[in-house]
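Participant: Here's the feature list from TrEMBL:
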ACT_SITE  A:D140  active site, proton acceptor
BINDING   A:L24, A:G25, A:E26, A:G27, A:T28, A:Y29, A:G30, A:V31, A:V32, A:K47, A:K48  ATP binding site
COMPBIAS  A:301-313  compositional bias 'Pro residues'
REGION    A:297-346  region 'Disordered'
Amino acid sequence: MSEVEKLLSMNRKAADRYLKREVLGEGTYGVVYKAIDTKSGQVVAIKKIRLGKQKEGVNFTALREIKLLKELKDPSVIELIECFPHKGNLHLVFEFMETDLEAVIRDRNIFLSPADIKSYIQMTLKGLAFCHKKWVLHRDMKPNNLLIGPDGQLKLADFGLARIFGSPDRRFTHQVFARWYRAPELLFGAKQYGPGVDVWAAACIFAELLLRRPFLQGNSDIDQLGKIFAAFGTPKPSQWHDMVYLPDYVEYQYVPGQPFKTLFPTATDDCLDLLSKMFTYDPKARISAQQALEHRYFSSGPPPTEPALLPRPPPKREPGNPKVSDLNPHDGPVVLSPPRKSRRVMPHREGFEANMHPEKMDDHENEIQQAAGERSEQVPMSLDFSVFGMKPPTRPTINSADRTHLKRKLDLEFQPEEE
Amino acid sequence: MAANFWISSQYKELLDQEEVDVVHQLDKERGITLDDFKLIKLHMSNYVARLAQNVKVRQRVVATAITYMRRVYVRRSMTEYDPRLVAPTCLYLASKAEESTVQARLLVFYIKKLYSDEKYKYEIKDILDMEMKVLEALNYYLVVYHPYRSLAQFLQDAGMNDATQLTWGLINDTYKMDLILIHPPHLITLACIYIASVLKDKETTAWFEELRVDMNVVKNIAMEILDYYDGHRSISDERVNAAMSKLAGR
């Protein structure tokens with residue numbers, strides 16, 4: 001047997017090893033399946049990387065993720081178990097994660113105690129500290145990129161935007177992060193930035209855990225800065241000396257900001273102290289992830305909840321028993337990811353559909369399509385629904401109530417089980 | 001990233017010379033000797049560098065591409081993985097991994113421009129197919145640490161800033177050998193600085209002694225580099241062509 005033949009049979013073996021189950025979602029660059037590793041019995045998630053029209057080979061974002069995840073092995077980072085090519089497509093095998101932090105935050109049946117919040121933010125910071133120690137910036141920190149495993153352990157995922165830093169003079173793009181999690185230096189167009197950008201985003205997530213809604217929901221970069229300043233006050237040069245030299249710096253009218261105690265009325269003093277250090281304007285003065293972990297907030301009571309005991313969305317309900325009211329936007333805060341710049345077009349935003357036409361959400365593909373079609377005409381939105389016209393969902397869309405709980409991810413909204 | 005090479009996959013995957021100098025059975029059957037093997041890798045390193053000059057990428061991309069190519073041949077045969085395809089594919093992959101993507105069609109354009117020989121002629125599809133195989137051969141390890149990174153700092157510290165050009169050139173030449181597969185990159189840097197200091201008659205003994213590194217290893221690397229320069233004179237086009245001709249035709 002020649003070497004190539006040997007390899008081919010090896011790959012077939014790798015592919016055969018996994019028993020493909022339902023589709024979990026459509027990721028940034030391919031479909032994600034749930035699968036069972038027949039060798040170990042382990043449940044895994046397999047990302048099948050689409051080869052972009054066979055023009056530029058393995059997707060750049062996927063390659064980034066592979067490159068970094070091969071170097072980042074830690075309980076706080078999603079594990080890339082292996083990669084294998086099969087039928088011309090590259091497949092990435094990840095450990096299976098049950099849910100994500102966004103689902104936890106937005107599930108109104110979940111009460112998060114101070115100890116629970118401490119546990120979630122501690123695990124987030126541990127993941128960041130680990131990446132930063134390895135000189136990797138995540139650059140896309142937000143609740144739905146923080147996955148939660150069956151044991152309650154939170155792990156950083158989606159390294160498609162991550163970069164290695166370390167050369168002091170490397171210039172990066174400032175168009176990273178979903179806007180609501182973007183640090184002020186990025187909003188002012190900084191090209192040389194460091195781990196502080198991830199810490200700012202972690203602070204936003206921290207605030208979101210406390211408030212149960214995204215903290216600073218700007219609808220443009222300018223507005224985002226306005227929201228930041230309205231909360232913390234316009235930075236004075238004494239607070240942030242380098243600010244005026246940033247490429248897109250513009251002067252904002254002075255606003256005084258509010259005391260942290262007013263912004264986060266439920267938080268303890270230790271908690272507020274840490275938050276204020278993570279929300280420091282000057283990235284040079286901002287606390288690092290490692291320092292944050294050593295903050296007294298984590299050593300003072302109450303101790304963080306054991307991951308296994310953390311409240312999580314209930315396991316998905318049986319289809320046919322939808323609980324639509326969960327998603328009614330008028331009842332309370334609904335957490336939606338802010339629209340992103342060009343990078344991600346998400347045609348299947350069931351979040352919107354479910355909210356607006358709950359009565360239409362059942363398992364019939366046609367109706368869903370129809371509903372989606374109607375909506376794109378009626379409701380102007382920042383998401384591109386026009387894609388629906390060209391590319392109808394290939395599978396029956398999930399029923400609305402299940403969606404929240406099912407959204408466990410590798411990027412995305414979920415599809416129903418095919419059992 | 002100099003500080004965390006020690007926890008990188010590259011460190012874990014460092015090889016011994018004896019593991020690198022293994023001619024694959026299939027290649028042996030075609031009459032490829034260890035000398036041929038090294039010569040072909042050298043020739044392909046030059047090929048990568050030449051292509052890179054045309055498509056204009058940073059030296060670091062070239063270094064990563066050559067490292068990939070050399071890693072591939074630790075595990076794979078030249079008979080089944082034609083170096084004339086693997087080399088440009090490695091450049092293509094390295095350009096992506098190092099965040100300065102070069103389009104495959106641009107590479108194909110320059111391949112055709114630089115080499116009229118039919119044996120070099122590969123199309124976009126060939127490169128993309130090979131990309132997947134190269135990824136696999138690399139076991140998907142893509143991060144490479146290079147000797148360039150610590151260079152400026154070392155030279156500054158040793159008071160040898162005037163030797164920057166020379167040392168940079170020496171480091172470039174180390175990619176014509178397999179050193180990057182065998183040694184931690186900072187030791188390669190030090191070996192090059194050592195050679196430069198000897199050439200420039202700089203007294204650096206005290207500086208080297210203060211570094212907590214095994215000077216024997218540094219000197220051995222330096223000797224290898226000097227051996228390469230010695231041997232390089234005897235490398236003629238005929239020898240390269242003779243070695244290349246043993247490769248499979250298509």
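Don't overthink the numbers, they just go from 1 along the chain as shown.
Heads up, the Cβ atoms here are built off N, Cα and C, so glycines get one too.
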Participant: If I take the alpha carbons of A:V32 (ATP binding site) and the residue listed as 'active site, proton acceptor', what is the distance between them in whole Å?
Facilitator: 19
Participant: Return the single residue from the binding-site residues list (A:L24, A:V32) that has the minimum number of other CB atoms within 10 Å.
Facilitator: A:V32
Participant: Which ones in the same chain are close to A:K48 (ATP binding site), with CB under 8 Å and 6+ residues apart in sequence?
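Facilitator: Once residues fewer than 6 apart are set aside, A:K48 (ATP binding site) is near A:G30, A:V31, A:V32, A:Y33, A:N89, A:L90, A:H91.
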Participant: In the compositional bias 'Pro residues' (A:301-313), how many residues does DSSP assign to helix, to strand and to coil?
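Facilitator: Across the compositional bias 'Pro residues' (A:301-313), the residues distribute as 3 helix, 0 strand, 10 coil.
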Participant: Determine, from DSSP, whether A:K48 (ATP binding site) sits in helix, strand or coil.
Facilitator: strand
Participant: If you count Cβ atoms within 10 Å of the Cβ of the residue listed as 'active site, proton acceptor', leaving out that atom itself, what do you get?
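Facilitator: Taking all protein chains shown, the residue listed as 'active site, proton acceptor' has 21 Cβ neighbours within 10 Å.
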Participant: When a 10 Å sphere is centred on the Cβ of A:G30 (ATP binding site), how many other Cβ atoms does it contain?
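Facilitator: If we count other Cβ atoms within 10 Å of A:G30 (ATP binding site), we arrive at 22.
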Participant: To the nearest whole angstrom, state the Cα distance for the pair A:D140 (active site, proton acceptor) and A:E26 (ATP binding site).
Facilitator: 18
